[in-house]
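Participant: Quick one: the structure is below, and I'll ask about it shortly.
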Amino acid sequence: MNLETLTIVEARMALDAKEYSALELTNAYLEAIRAKDGDLPALPAGRHGGRQGIHAYLEVWEEVARAEAKRADERIARGESAPLTGIPVAVKDNMLIEGRIASAASKILENYVASYDATVITKLKQQGVVFLGRTNMDEFAMGSSTENSAFGATKNPHDTSRVPGGSSGGSAAAVSGGMALAALGSDTGGSIRQPAALCGSVGLKPTYGAVSRYGLIAMGSSLDQIGPITRSVSDSRIVFDAIRGRDPKDSTSIELAEHSKNKKLPVIGVLRRFSEHAEKDVLARFNETLKKLRASGYEVRDPVEASTLLDDSLAAYYIVMPAEASTNLARYDGIRCGLSVPAETIGDVYAKTRGEGFGPEVRRRILIGTFVLSAGYADAYYRRATAMREKIREDFVHTFANGVDVLVTPTTPSPAFTFGEKADSLAMYAADIFTVPVNLAGIPALSVPVGTVDREGKNLPVGFQIIAPHGGEETLFAVGADVEKV
Ligand code: GLN
């Protein structure tokens, strides 16, 4: 087995044909992690930034993973395997697994042990998945490079002097580096699609509500969605099918309606003017893909009329998201859970715990969030941003109503950047220009790798983003599979 290229589809066939066991497969991944990811820390995970390896993982569950693999082998032997039985998967460090640490890569939750399973985990456990470990991320999913992790950054397997993207950078690096067959990420403004693009993997941000958020450490509750990072579009669909569905524990979750199978090829609309924000060679890969899709029979409308509001969606996002994040993070007070710094008064416990526990980017967003929600400013900022968000959502509905089935853009304006290159927060925020509108509108989008561009002699992957209307995942998988082929 070649772990750098193996897919879930291939592993499923091999496991069911008994070419190798789930235990052998798991051991192969554990060995790859040992070889590439740096020294494995002993439990419980402490600080281990600055390691030699990729550092995709914050913690690897070797023994438990082997036990899970053995159980999967028994199930396969009984002929009862589900699509993901015995498949080794990595989980972003913001999803709860009972009895294991989930830290959101923050000091404030460094030793927090989850007391229940997130719904996505329950669903994966039912299929008999093997959980390899928890992956590194930007603290509380705030960032686009994984540099905001309290435990040291993750490196891009394609060039270790560059970031893997973020905030699900550890998950993308694990998949791309042959250290997991698939991984779960979460996407609030691009955190699945952007790292997938920068690492050459496939990333799906599902329709808002399609996947339960129960047991996901919240960032912006009206924007967050869990989704898969995989090596192929078919694998993305397998994982999505395993985790989707209405969940009574998340009142915003929904059951997506079955899409009637449309025989005809979907019409592709190009957000041309918007896409021009990308660097020249990234745009060249994008245009080449469009050309090939046309040649294979697709109708490509280039350009489609689209609102100029798209260019301003970052402004709306960076008000709505910190507003929600500041509210969600209020629960980390040194009393309920996580870090608690002793002090004379309760007020000092709050202040000291939060001052020591949260990193600079998280503190920045709490400040912005509380400011835009405060009396006297909420009308000027928060309410205007939510009104703009509604307008962006309507604009997408309108564009799709005009006979276009999917919209496309590059996933990111540039390939992977170097560590420290975007130390200025605004430069970092701009990396999400193409991904953020999708979260504001609550619609699904898929990033598929489309070749590489050269930076200092290294071939760096770039992604092609396909956006569908609400509940349009099936269309994304269909077009995505063709993008993968052409
Ligand atoms: N990079 C964006 C941010 O920093 C998106 C993060 C995310 O999707 N979790 O907010």
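Cβ atoms here come from the backbone N, Cα and C positions, even for glycine.
Copied straight from TrEMBL:
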type: DOMAIN; residues: 52-476; note: domain 'Amidase'
type: ACT_SITE; residues: Lys92; note: active site, charge relay system
type: REGION; residues: 148-169; note: region 'Disordered'
type: ACT_SITE; residues: Ser167; note: active site, charge relay system
type: ACT_SITE; residues: Ser191; note: active site, acyl-ester intermediate
Participant: Rounded to a whole number, how many Å is the Cα of Lys92 (active site, charge relay system) away from the Cα of Ser167 (active site, charge relay system)?
Facilitator: 9
Participant: For the domain 'Amidase' (52-476), report the average pLDDT of the model, please.
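Facilitator: The predicted confidence over the domain 'Amidase' (52-476), as a mean pLDDT, is 96.
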Participant: Provide the number of Cβ atoms within 10 Å of the Cβ of Ser167 (active site, charge relay system), excluding the reference atom itself.
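Facilitator: Cβ-Cβ neighbours of Ser167 (active site, charge relay system) within 10 Å number 34.
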Participant: Using DSSP reduced to three states, classify the residue listed as 'active site, acyl-ester intermediate' as helix, strand or coil.
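Facilitator: DSSP call for the residue listed as 'active site, acyl-ester intermediate': coil, neither helix nor strand.
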Participant: Since the record lists Lys92, Ser191 as active-site residues, which of them has the fewest other Cβ atoms within 10 Å of its Cβ?
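Facilitator: Across Lys92, Ser191, these active-site residues, the one with fewest Cβ atoms within 10 Å is Lys92.
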Participant: Provide the three-state secondary structure of Ser167 (active site, charge relay system) computed with DSSP.
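Facilitator: In three-state terms, Ser167 (active site, charge relay system) counts as coil.
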Participant: Measuring Cα to Cα, how many angstrom lie between Ser167 (active site, charge relay system) and the residue listed as 'active site, acyl-ester intermediate'?
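Facilitator: That comes out at 5 Å between the alpha carbons.
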